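Here's the structure we're looking at; comments come further down.
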Amino acid sequence: MTTNVLSSAQTVTSGRALATPAPSPSGLSVFRSLWALTRRGLTEASLKWFLVIGIALSSFATIFDASKFLSEIDLSNQAAVDSVALRLIRIGFSVLLVSTLWGATQVTTEFRDATVAARVTQHRGVGRLVAGHALASLPAGLLFGLIGALSSTIPTFVIFHQRDLSITMNEDLVSTVVGIIAVSALAAPWGTCFGWLLRRTLPVILLLVAWTTYIEPAIVRALPNDLGQYLPGGLQLTLIKDATAVGDMSAPLAAGLLVAWTVGLSIIATAVTKMGDLRA
């Protein structure tokens, strides 16, 4: 009888153990998932090619425009010289598009012909999967920001030195460089969210190129009463202190709103993925 009682107790205990819900993912498991995504992105060959494209795009444009810009000013006017220097350094802002495209392809190439169901299970939900890819792209985005700033700043200083021109090291110059790094870093997670919306490489690339270079700049300029400054493109221009930026928003507020836009787009991307059939 004692044996039967013990057996029954063990059966009940086992049943309760089986009925116990699975524990939620710990902070360590979340970190491991993020680190795996980050490491994969940083070690993929595609990143190197995107970085090379970014460097070439920024540096060649800076070198090409330097002579043109300098020929239009009085070189004895230091204020004009500094203004041209900032214009040339801001060319590094163009790497933002490369960062965005890289972020988008991190999603489109992985899930183009494969189901996301397994990855959703692994990350414990669509929202965590979308957020994980966005956060994991930030280190690479920072790399794009650094090469964008350096590939325009270094040629500018070299060209000015060759012409015996000096550049004033002031707050505007530092803020411009920091702004280029910030907007390019945030462009990578922004791109991943676009990748989730379409999940096809070519359509995403065409949409991002058209939106970044033509559509959004036109919308920013067309909106009345400085409303364009609240769009992502307007916020980016504010952060790099571009002459075409509208409004008088502070850099910290612009950075915060740019992050908010990215979070909002990730929420939309999560909803779109949930409503779909979970197939690329």
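Cβ coordinates come from backbone N, Cα and C, glycine included.
Database features, via TrEMBL:
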TRANSMEM  47-64  transmembrane segment
TRANSMEM  84-104  transmembrane segment
TRANSMEM  134-161  transmembrane segment
TRANSMEM  173-197  transmembrane segment
TRANSMEM  204-223  transmembrane segment
TRANSMEM  253-272  transmembrane segment
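Taking residue pairs at least 6 apart in sequence, the transmembrane segment (173-197) and the transmembrane segment (253-272) share three or more C-beta contacts under 8 angstroms. Across the candidate stretches 134-161, 173-197, 204-223, the maximum count of CB pairs under 8 A to the transmembrane segment (84-104) is reached by 173-197.
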